[in-house]
Structure formats: C-alpha cells, structure tokens
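Visitor: My questions will all concern the structure given below.
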Ligand code: TXA
Ligand code: MG
C-alpha cells in the first residue's frame, strides 16, 4: 500500500481512512502516534502487526474530551481523574483507570481490567478524533524497540507501506512520551516519567508514588511496555554523565578508529573533533528531551558504531530524558 502524507487541511481524508478500518499516524505534543478505531478489535490487531509489537502490551486510548472517557472508564476514580483532567488535559498525562466490563476489547487493554486514557494537546489530532466521533488507540508510531517518532519522516521511515496515511504537523513540541499515572492502586503511581513531573502532580493531588525505576525484566511490570527493549538505535549508546569527562571519553573512543557520533549540547559539540558525527541537543534538558529521539535516529542513519550522549544527571525536569536515554543505552554509562 502507498502511505499518503496528509496536511492539516486533509483531516477529513484521515477520518475517512479511520472509518474504513485503516491505520493513520497522527501528531501529538509528545511523539507521533499510530491511530486506529479503538472500538474495533479486528482493526486494533493490525496496529500490533504494523509495529511488530508484542500483543500483551496495552495501548493508550486517545480522546478529544473528558466526556469520551466516561463511556468506557467506570466511575470509581472519577473525582480524582477529573481533577487531573481539569489541570493537565489536553496535555502529556495518560491516566489509567478501571473500565466498565467488556467496554474495550482485549486487543486494547492486553486483557487487563484497566485502560489508559489520554487527551493530547494537538489541534489537528483533537479535531481528527472529534470528527471521527470515537476514540483512537495510539501507541508511538515507530517500529517496536526503535526510538519514538518526533517527525512525520520518522514514521514514514518505519511504517511506509504498512499504514494508509500520516497526518503531518511538523516536529512534535516535547519529544518524549506522556507521563503515565495509574489511579487503580492504593496510591496513584507513575509508571512512566514524562514532562508532567511528580512535583507538578503533587500540586493537584495529595499523594503520588513513582514506580518506573523498579521495573526489571523478570518482574511483571505494571506498565507492560516498560519491560521491552526500547528506543535502541543500532549503534551502542554510551552515556557521559559528567560533562568534564567528554574530552577523555572522546579521545578514548577516537582510538577505536570507527565512526563515532556525539549527541550533546552546543557547548560540548564545539570541542568535538571534525571527524565525529554531531547532533545538537540545544542548550538544556528541555531542548535535549525534544531532540533526543531525532538525534538517535539521525546518528544511526550515519552508521556510527558508538554514540556518546550527554546525561544531564542532576537537571530538574530531566527524569523523562534520563529514563529514555538509559533505555536506549541499555544502562551503559561512561566510566572514567
Ligand atoms: O505520549 C504518548 O503517550 C504517546 C502518544 C502517541 O500519545 N503514546 C505512547 O504509547 O507512548 P505507547 O503505546 O508507546 O506507550 C504506552 C505505555 C506502555 O508502556 C503500556 O504498557 C502502558 O502505557 N499502558 C497502556 N495501558 C496500560 C494499562 N492498562 N495498564 C498499565 N500500563 C498501560
Ligand atoms: Mg512506544
């Protein structure tokens, strides 16, 4: 199949594809998602196939209004959820709640009694869902295991020929996926860190626990997606936590005599040798979050063997960045 690239003036064409049971990638403020009719299990199955995603990994249900959620979620956490929605929606917060029995298929929930809901902060996609009139599932629109797509061309690279269309709305603003919070536990629990932080959440609700760092491969993780290999380019990523270590790391890796990439702030890149492939993270951890996945993909395309990537170990609001970078590196840090 030919994958069409659609502009925001062609939302109706995207709606028609969805109504016809086709897959359409859509923009959000975090990363591009892979959209399909959330109410049709036969169609949702095609999402897993296109991504090569394990089928026990449940999908986020994207809505265009809080009201849409209550057609599926049960009311047990409604007051708490409404507080979160009022403060953070539309925005990068995914809320997990128990659902009404049989309201969503196993293909969406992975057989759990809960589902994940999110109202993205992107005009094109809110209008897409509204016009479609039903929620759409949306995992990140990458091949499973690869960095999430922050540009339409990343989606095209991974999924061309496998999906009907990509709604192109330019580069995504945040660059890392939404914060996932599970309300169905004693204390609301963060399963995946994102740009909405524990501190942000504590301004609105009384208590939040953070669980994402405890998830190991052997355990049954609360967010099934957290157990799989993630965000990994073909090159080995090596995290350089202390910026003062860059000169030494650079000369050590230069001795290997293979192509090396460097993913760092402008200040560090200035000092990097000419034969290194360079990708700028901008100046701080916020811009680094925005450019991380594009950087991993860009350097990979240059066939480097190693990527030296800046760690931002202490930066405020750096949780999401560090979490994704750690996974892409398989936890490999440069040791001086
Ligand atoms: O920013 C985002 O969240 C993007 C954009 C496209 O909205 N979407 C995204 O979807 O990152 P995905 O499928 O790549 O990640 C969803 C995560 C997975 O780790 C999944 O296991 C978890 O949410 N999840 C979904 N439903 C769940 C549930 N009922 N219980 C626990 N975890 C769940
Ligand atoms: Mg993903």
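From the backbone N, Cα and C atoms, a Cβ is placed for every residue, glycine too.
Predicted automatically and left uncurated, TrEMBL annotations should be read as such.
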Visitor: According to TrEMBL, 53, 57, 114, 118, 140, 192, 231 bind ATP; which one of 105, 127, 148 is listed for that same site?
Guide: 148
Visitor: Looking at TrEMBL, 30, 62 are annotated for L-threonine. Which of 113, 144, 178, 184 sits in that same site?
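Guide: Within the candidate list, TrEMBL flags 178.
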Visitor: By the count of other Cβ atoms within 10 Å, pick out the sparsest of the binding-site residues 30, 114, 140.
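Guide: Per-residue Cβ counts within 10 Å for the binding-site residues 30, 114, 140 bottom out at 114.
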Visitor: Looking at the binding-site residues 53, 57, 140, 192, whose Cα is closest in space to that of residue 30 (L-threonine binding site)?
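Guide: Closest candidate to residue 30 (L-threonine binding site), judged by Cα separation, is 140.
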Visitor: Around the L-threonine site formed by 30, 62, 178, list the extra residues of the same chain whose Cβ is within 8 Å of the site's Cβ centroid.
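Guide: Neighbours found: 28, 29, 31, 33, 60, 92, 94, 118, 120, 138, 177.
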Visitor: In the structure shown, which of the binding-site residues 57, 148, 178 has the fewest other Cβ atoms within 10 Å?
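Guide: Each of the binding-site residues 57, 148, 178 was scored by Cβ atoms within 10 Å; lowest is 57.
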Visitor: Which one of these binding-site residues, 53, 62, 118, 192, has the sparsest Cβ neighbourhood, judged by other Cβ atoms within 10 angstroms?
Guide: 53
